[in-house]
Amino acid sequence: MSSQTGQSNLPSQRVDVNDPRLSRFDIVREGARRDDIEIVHYEPQVAPGTKAERRLVRTVAGFFLLTGLAATAFLAIYIWWPWEYEPGRGGDKLYTPLLGVTLGVALLGIGFGILTWGKKLLPKEVSIQDRHEGAPPAEDQRITGETMAYMADELGVKRRPLLGVSLLAGLLPVGAVAAAPLVGGLISDPHKDDQMLTTGFAPRDGQKIRLVREDGRPIRPADISAGGQITVFPGVEHGVSNRYADSPTLLIHLREDDAVESRRANERAGHGGYMWGNYAAYSKVCTHAGCPASLYEQQTNRLLCPCHQSQFLITDNAKPIFGPASRRLPQLPIEVDAEGYFVATSDYTEAVGPDFWERP
Amino acid sequence: MKRRKFDVAAVPGNTARAVDDRFQVATPLRRLLNKVFPDHWSFLLGEIALFSFIVLLLTGVFLTFFFEPAMTEVIYNGSYAPLRGTPMSAAYASTLDISFDVRGGLIMRQMHHWAALLFMAAIVVHMLRVFFTGAFRKPRETNWIIGSLLFWVGFLAGFTGYSLPDDGLSGTGLRIASAIMLSIPVIGSWVTAAVFNGEFPGTIIISRFFIAHVLLIPGLLVALITVHLGLVFKQKHTQWPGPGRTNGNVVGERMFPRYAIKQGGFFMVVFGVIALMGGLFQINPVWLFGPYEAWVVSAASQPDWYVMFLDGSTRLMPDWEITIPIGEGYVIPPLFWPTVVLPGILVAISLLYPFMEARHLKDYRSHNLLQRPRDVPFRTGLGVMALTFYVILTLSGANDVIADKFQISLNAMTWAGRIGLLLLPPLAYYVTYRICLGLQQHDREVLAHGVETGIIRRLPDGRFVEVHQPLGAGDGHGELDYAGWVVPKKMNRLGALGPAIRGFFYPIERPAEAPVSPGHPPVEPRPEREEITSGENRP
């Protein structure tokens, strides 16, 4: 095969394409041959004028007409169907599905029409093309290699080393200049204002921060029944917002026997006095990946994070007992102020949220 | 030259000639029109990814006209009544507007999301095809590497896009992403602070993700896809073995018209299917999740499917924390291993695999013929092993939903995942290996002894034997060599039986069509050199 292709470029072996006796297909085939492609099998699938051909033509035309119909329907629906949202079961709920169906049918109509045309009406063919693959002739590789080596010779960097060294010394800083604004602009000190270790509960001006609900109202002990829990936030400006994403805390009113057990565990963990009565507050931000650990199982006193199923035993100072979390949920020391509302005695005494390298 | 009347029919020809006189395009255009592509259904999987990407670009441009990538707090006042009066970010509010206040916006959003899911799915399935058939071997290692990178860049595109609406679900995903960055030893907190400009969530992450999602990542994708297709074009597509097919040729159809028409039709079909999905199947109904609030999450919060394997690996990871007692003490959180190290290993293995296999087999030749998975049991075994690993991780990413729906203990699901992740992949390797050998053996057996005919013959001594139809020479001794392609195993496949009635589940079994059929040559064979040079063609 390769010996044939090698010769096929000689003009003497070519078919004269201006020969009037040649059919158009003959010219096509000759063109293919000049690209080392041999059409070895070419067979019409349907004979012209037959019933089969007419049926296929009708099918293809049917698909195209279906497209036209569906596209028109799409436009009509797009323009006239009531689309604006209204509560309840309005006609607007059908707007998107109807658009999808009409658009989908329109596109599928073109698709199937074209496919039927191409697959059923066009002649079947098998062509064979040479790959001309494998390593190029070693001679070419050598010539190109030598040309490039010669360019290096012409520049003469080897003989004039100073040029190379000085170019490098000049260009390296330029590269750094390109990177500097981006890197420098993005860098931001993670330890600025001790931000990784402080939350909204840090006392301000000696004032202890109140625990508030989502609507901003402070909380009295009597507001939570035994066994109940509530998500609380620092009672500061924007305390109930993502600006204090580290601060959401779970305030739990433990039942009497659980509270006794809890107090004992707290003392073991060095958190004696963090509870107020039978109330304990733990960070809601999971120490694993930072999701809110918000599923509290009252019967077992377990707190489950729904993201990766870490489970924390509240009565054992929120120790992780299952799943990928490796660190206790930090406990917020709480007390009740003179007006009878919960306040944070101090900020969290350890880092809140997911773990990191230099966490103290 | 004689002056003639203006001839309309000659305009295209004259224009073409005028163009070619100036740009000399006739020869390259002929090469392009004639280029031969082999055909097989499995070669179309990559196309699905390409076509979904085009739909992504089209719908994505539409969405940018209405999306506001800002985290400024606004009070929602659009038409979706349940959320009216709620404070939320401008990004979330504009996503609601696209869904409710832009005419036809919701279907664009949903088509964009479905196209993204389809894009990633098609990439994965295409990658499996390339792997199991050995299409990544020399000379196509570069394209394998680009393909693997496309998966990961697509992954980033998906994640950044998914985060943009700033809804309850995506905000939680973003928080996990920040925790993952935070878990990197030494530089973790600096990386996170650089990305979020301070502590999570900050006020700038959405606009940074936006520019990454609409400019940087798509630019990279377009570049990679261009090189990917260019290399397929330059190196020519692989083909299955078969009669007339060799390592040095391509047997198929010329690119125009039939192959191109089929491609065009297929694009419209993919586009149409995405339109149907975007209209009929709800996806990511952000208005149900509410705006992102750091303290709100619900059970069954799953990411998009292609991220689920990382979620799964994170769930299965035991709570192994490494503390380094230097100075004040440092920690490597358990989150680091399944979310940073594991993907790193997966990337490295997938990029290096073609070279590792070539080294292992000491096979440095070029391969243009594909291999059937059964013929390379160790590779097929490794592939199924990797697939098992991936599927277990993905299922574990939804283990809370499985536990809930099937009333299984959640902790039992986690433990099953942990144990399964270690035990099942090797088992899958062994089973696959044996199945491959069995299939090989059966092919050889049919080639040696023929196809079972279902005809029982009684011998004079009373034994019953089944008559076999030999595939080789008619004398009954022609043993055929295995040629790396499907061996017919039923009489129907040999065309020995009459036309069957079309079944409900199975199409009619036809004799396997030979790619090059010497039986009927409607085109006369290429004439010998002498005939052409003899000048017969000249009058």
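Yeah, the Cβs are placed from backbone N, Cα and C, and that goes for glycine too.
Among the features that TrEMBL reports, compositional bias 'Basic and acidic residues' is placed at B:523-539.
Taken from TrEMBL, the feature domain 'Cytochrome b/b6 N-terminal region profile' applies to B:15-241. Note on the domain 'Cytochrome b/b6 N-terminal region profile' (B:15-241): mean pLDDT across this stretch is 95.
Annotation comment: TrEMBL describes B:513-539 as region 'Disordered'.
Residues annotated as transmembrane segment in TrEMBL: B:42-67 (among others).
Sequence annotations record features per position, and here TrEMBL assigns transmembrane segment to B:113-132 (among others). Within the same chain, residues 42, 45-46, 48-49, 52-53, 55-56, 59, 144, 147-148, 150-151, 154-155, 157-158, 161, 270, 274, 277-278, 281, 283-284, 304-306, 353, 373, 379-380, 383, 387 sit at least 6 positions outside the transmembrane segment (B:113-132) and bring their C-beta atoms closer than 8 Å to a C-beta of that stretch.
Per TrEMBL, transmembrane segment is recorded for B:144-164 (among others). Non-local neighbours of the transmembrane segment (B:144-164) in the same chain are 49, 67, 69, 91, 95, 112, 116, 119-120, 123-124, 126-127, 130, 136, 170-171, 173-174, 177, 205-206, 209-210, 212-213, 217-218, 220-221, 224-225, 227-228, 231, 284, 303-304, 306-307, 343, 347, 350-351, 353-354; each lies 6+ residues outside the stretch with a CB under 8 Å from one of its CB atoms.
Annotation comment: TrEMBL describes B:176-197 (among others) as transmembrane segment.
Summarising the annotation, TrEMBL assigns transmembrane segment to B:209-233 (among others).
The transmembrane segment annotation in TrEMBL covers B:264-283 (among others).
According to TrEMBL, the transmembrane segment annotation covers B:335-355 (among others).
TrEMBL lists B:376-395 (among others) with the feature transmembrane segment.
TrEMBL lists B:415-433 (among others) with the feature transmembrane segment.
Contact between the transmembrane segment (B:176-197) and the transmembrane segment (B:335-355) holds: at least three of their C-beta pairs are under 8 Å, each pair 6 or more apart in sequence.
Among residues of the same chain six or more beyond the transmembrane segment (B:42-67), those with a C-beta under 8 A of the stretch's C-beta atoms are 91, 94-95, 97-98, 102, 105, 108-109, 111-112, 115-116, 118-119, 122-123, 125-126, 129, 133, 150, 164, 210, 214, 218, 221, 225, 229, 237, 263, 266-267, 270-271, 274.
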